[in-house]
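Report on the following structure.
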Amino acid sequence: MLDTLILSRIQFAANISFHILFPAITIALGWFLFYFKLRFNLSGDPIWMRAYRFWVKVFALTFAIGVVTGITMSFQFGTNWPGYMETVGNIAGPLLGYEVLTAFFLEATFLGIMLFGINRVPAKIHTLATFIVALGTSISAFWILSLNSWMHTPAGYEMIDGVAHVTSWLEVIFNPSFPYRFSHMMVASGLTASFLIAGISAYRILRGDAKRAPKLTLKTALTVACVLGPLQMIIGDMHGLNTLEHQPQKVAAMEGVWQTEKNVPLLLFAIPDEAAKKNHFELKIPNMASLILTHKIDGEIKGLNEFEGNHPPVAPVFWGFRIMVGLGLLMIFVAWFSRIKLWKSEHLSPWNLKVLFAMSFSGWVATLAGWYVTEIGRQPELVTGILTVKDAATDIAPANVGLSLSLYLIVYAILMVAYLHTVFLMARGAVEIEEVSYEEVRKSNMQHENSDEVNHV
Amino acid sequence: MFSAETLAVIFVGLMGLSIFLYAILDGYDLGVGILLPLENQQQSDNMIASIGPFWDANETWLVLAIGVLLIAFPSAHSFILKELYIPVAVLLIALILRGVAFDFRMKAAFSHRPTWDKAFKVGSLLAALSQGYMLGMYIMGFEYSWQSTAFSLLSAVGVAAAYSYIGACWLVMKSEGELQKKATKWARKAGRFSFLGVLAVSVVNPLINASVYERWFSLPNMILLLPMPAFCFVLFLIVDRLLKRMPFQDDVSCWIPFVGAIMIFFLCFNGLAFSFFPDIVPGKITIWQAAAAPASLSFILWGALVVIPCILAYTCYSYRVFWGKTKELKYY
């Protein structure tokens with residue numbers, strides 16, 4: 001029989017994993033929409049409005065699932081992890097509160113105007129609403145990543161009678177790992193959205209969509225991916241160095257280093273064996289891990305032996321890291337390869353399109369793998385040096401948690417099928433619609449000239 | 001700045017405001033969901049269109065309410081949510097179902113629309129019922145007995161009726177023609193059920209809680225408080241009479257039932273708040289025992305004082321943008 005602790009952990013992991021998939025798209029997709037709207041305003045070319053109208057529907061659907069699955073999170077702190085709020089509530093509470101106050105209301109209210117208000121507000125206000133929705137999603141990410149980072153690298157607090165009290169809010173919010181984690185997540189969202197846009201656009205072209213819109217969005221998304229991919233590598237490297245400084249046991253697990261040593265090789269493949277405290281079937285590049293982590297060939301890396309009984313489970317962290325990095329490299333390669341092809345010939349070959357289509361949701365896999373590395377990597381602690389996961393757990397009956405967990409899993413499975421099904425259905429629907437007509441161009445030119453008035457008609 | 005005692009009162013006020021706004025705002029859109037006529041596609045579309053631009057922001061008040069409870073009264077948050085574990089899980093699943101059904105019904109294959117409509121209706125109903133059940137358990141001080149279960153079930157039905165009532169009044173204001181006539185009938189029926197519900201809760205609550213009885217039926221409180229239930233009754237009556245004669249020429253006063261329902265909600269909410277203040281968990285924990293550290297509360301208070309007026313302002317703006325009768329809900 002599974003106990004309450006493990007069931008609560010599975011439930012939290014399931015909820016947060018399912019939830020993050022949707023913000024991972026919408027954070028950046030919001031900015032894409034703003035860009036499309038801006039290009040339309042500047043050029044008056046209705047093709048940008050076409051792109052906007054298709055992707056705003058995907059945005060709305062994704063956003064809705066993100067919102068409703070996010071609500072469950074705010075309840076779970078109380079239902080399943082009472083010790084968390086009792087110990088660090090003075091810090092977690094206000095940060096979550098600011099997220100609700102400065103982000104949730106903003107995005108939710110202006111989303112209504114953005115989705116349904118285009119004929120009811122002046123064009124400029126609609127563009128502003130699009131901007132505010134994008135800004136809202138980013139502000140939301142700011143607060144939640146600040147709190148998450150604080151759990152990894154707490155700062156600006158003191159412990160009084162076992163409860164954390166704040167000494168400096170600036171140090172709490174901008175704690176040591178926050179800048180890296182925040183930029184890493186923002187760029188991850190950028191890549192996730194780029195590959196989704198590229199993938200769905202490729203899918204439309206493969207289905208015989210000869211219109212300008214999918215070509216345009218494909219090109220835009222690939223360009224963004226080409227820039228963000230390498231940028232993510234640099235940020236990831238900086239984030240890794242920061243982790244090495246604050247959570248060396250996590251890095252040791254990521255690299256599969258059992259003994260503290262110099263000239264550590266980079267393991268491309270290995271099967272970590274926690275019982276024997278070593279790896280099997282190592283495939284390695286000599287000195288490479290030392291070089292990456294310390295920027296010196298003979299740099300010393302602390303091994304797991306220094307954290308006996310207090311380090312995370314090695315295999316999931318080790319493998320999560322390899323999946324994330326491997327996928328990241330593949331994304332960079334595919335993005336650059338496809339973009340250069342597109343630059344040279346204006347068309348992509350069918351198999352190239354198929355690859356992009358297959359990678360539509362590659363950002364999801366990489367993002368999840370990355371989060372598993374960082375969150376499993378902080379085990380057995382919940383808040384570094386303050387609270388262990390075990391001490392935060394609830395004492396309610398396992399049957400209750402089992403019931404709620406089963407309900408969530410069923411609903412999530414249905415939602416995932418429905419979501420994927422619907423996104424591709426919308427893409428197929430977009431294949432059928434007509435190319436931008438002469439009438440549409442004329443109307444949009446008129447709008448462009450005296451944009452504020454005509455929009456009401 | 002403020003003392004710990006004052007901060008606790010301010011935050012319980014803030015939480016009260018969020019809960020009250022949630023009950024009205026998500027109340028009407030859950031009510032619209034409960035009333036959804038599955039057999040009439042056109043009317044379903046119009047009804048959902050009337051709440052389309054708002055439901056997401058409406059639901060955010062729940063997140064704020066639970067957030068304030070979490071921030072300001074962490075031990076009460078843990079206590080209440082642990083006691084209500086299963087109804088909370090049901091509520092969350094119901095809100096998920098309803099929220100996504102809203103989008104899927106328009107975007108998924110046309111043949112699936114009736115299924116998503118059903119999910120929308122069931123989700124709305126379940127959410128209302130579970131909230132009512134939780135309210136009942138809360139009033140009963142989380143006691144486990146058959147009386148308390150029976151009372152909570154009654155409260156569940158009462159809240160579902162009240163949401164249908166305010167939802168129907170919303171539709172009377174936002175719709176026209178056949179749908180408006182239908183909404184008028186729903187509003188009258190739901191109004192009567194709500195009245196019975198309010199009556200039942202008002203009678204049972206003081207009977208089972210000695211301290212509540214003491215508060216309401218001692219002099220001079222009794223005389224001072226009498227206008228509250230009396231006014232509530234009069235409001236129900238006025239709205240019902242008005243609905244009977246609706247619609248009027250040019251649809252004048254179509255907004256009165258909705259405002260009347262809001263006032264009824266306001267009175268009931270105050271009645272409950274008066275019954276329990278300053279307890280955050282009735283008979284067990286007061287707001288001062290549960291309050292978080294003053295430094296943390298001050299930090300969030302300054303932000304809230306700046307941000308909440310902005311939220312109210314742009315919420316009003318959004319209602320102004322979508323003012324008037326709902327036509328068709330369309331992207332672009």
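Positions of Cβ are set from backbone N, Cα and C atoms, glycine also.
Taken verbatim from TrEMBL:
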TRANSMEM  A:12-34  transmembrane segment
TRANSMEM  A:54-75  transmembrane segment
TRANSMEM  A:95-118  transmembrane segment
TRANSMEM  A:125-145  transmembrane segment
TRANSMEM  A:185-206  transmembrane segment
TRANSMEM  A:317-339  transmembrane segment
TRANSMEM  A:351-373  transmembrane segment
TRANSMEM  A:405-427  transmembrane segment
With the transmembrane segment (A:317-339) as the reference, find which of A:12-34, A:54-75, A:125-145, A:351-373, A:405-427 contributes the most Cβ pairs under 8 Å.
A:351-373
Do the transmembrane segment (A:125-145) and the transmembrane segment (A:54-75) come together with 3 or more C-beta pairs under 8 Å, pairs six or more apart in sequence?
no
Same chain only, please: residues at least 6 beyond the ends of the transmembrane segment (A:405-427) with a C-beta under 8 Å from a C-beta of the stretch. Say none if there are none.
7, 10-11, 14-15, 18, 54, 57-58, 61-62, 65, 69, 72, 200, 203-204, 207
Hey, which of A:12-34, A:95-118, A:351-373 has the most Cβ-Cβ pairs under 8 Å against the transmembrane segment (A:54-75)?
A:12-34
